[in-house]
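Below is one structure, written out as structure tokens, with a few remarks after it.
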Amino acid sequence: VEPNATIREIKLMFHKLYPRWYPARQSIKLDPKGKSLRDEEILQHLPVGTTATLYFRDLGPQIGWTTVFLIEYTGPLFIYFLFYFRMPFVYGLDERFTTSPHPVVNLACICHSFHYIKRLIETVFVHRFSHGTMPLRNIVKNCLYYWGFAAWLAYYINHPLYTPPSYGKKQINFAVIMFLLCEAGNFSIHVALSDLRRNGSKIRKIPYPTKNPFTWLFFFVSCPNYTYEVGTWISFTIMTQCVPVGLFTLLCFIQMTIWAKDKHCTYLREFKDYPRLRMPIIPFLL
């Protein structure tokens, strides 16, 4: 192996010798317990001498992130409609194909559908993934999470006995405005992050606010896309005043806080000039 070889090139060499393990399935490390080396890293820039021992780990069958997201987000979109249209096998024959007398139920369906349609559009046209694949076994877990919660939320929101929010139109209108603002903010952040890798580079860069006001949240947090995402589900909870939606929102917040803290620590570790005012997900707090 030449000193100027990248880890990607080493993976390709390994694949030629062992066709079963294609590059996306390989994890190459300098230490058995260490982190996997990135594809763009160059051998001579690593802390090794004239000889180096690289450790290989089989990551198992892989699936592309674009495919993963399309599967994860298409499911909730169609599952919700099964409950919205009150299919006979859901609520019983007496309530089949009936419509709810509460306008908020129709509005909730529109917002829920809009959220996942936006995600599908972003997956195809906006997102640029730093990692091309994920283990195939994870798709089952992820689908159970997204699809299962979509069914649980939809069952109660579209139930014949559903009761509308306590404060009526004022509560609903406030929630809709908050929902749309958070969705716009989330989309703006995804576009800004995508622009950092417009030339196809996988090198991590510090994201900064742009002229778009929705990106100004970068002044205070490292992962404003998660901040807006949580805000979206908080507004949906207020709109529907539904306990399952609130529990889903809480789980989303916990998971996204974990992801945000991990990314924030990575930024601090890789960039000495990283803005110190920023917090992972909530300005000045968390």
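Using N, Cα and C of the backbone, Cβ positions are placed for all residues, glycine too.
Note that the structure is predicted; figures quoted are calculated from it, not measured.
Here is what TrEMBL says about this protein:
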DOMAIN    1-58  domain 'TECR-like N-terminal'
DOMAIN    133-286  domain '3-oxo-5-alpha-steroid 4-dehydrogenase C-terminal'
TRANSMEM  63-85  transmembrane segment
TRANSMEM  144-162  transmembrane segment
TRANSMEM  174-193  transmembrane segment
TRANSMEM  213-228  transmembrane segment
TRANSMEM  234-254  transmembrane segment
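Away from its own ends, the transmembrane segment (213-228) comes close to residues 182-186, 188-190, 192-193, 207, 256-257, 259-260, 263-264, 267, 275, 277-284 of its chain (Cβ-Cβ under 8 Å, at least six residues beyond either end). Beyond the transmembrane segment (63-85), the same-chain residues lying 6 or more positions past its ends with a Cβ under 8 Å from any Cβ of the stretch are 97, 105, 109, 112-113, 116-117, 119-120, 123-124, 127, 129, 131-136, 138-139, 142-143, 146-147, 149-151, 153-155, 157-158. Listed by sequence, the residues of this chain that lie at least six past the ends of the transmembrane segment (174-193) yet keep a Cβ under 8 A from its Cβ atoms are 107, 111, 114-115, 118, 122, 126-128, 165, 207, 210, 212, 214-215, 217-218, 224-225, 227-229, 231-232, 234-236, 238-239.
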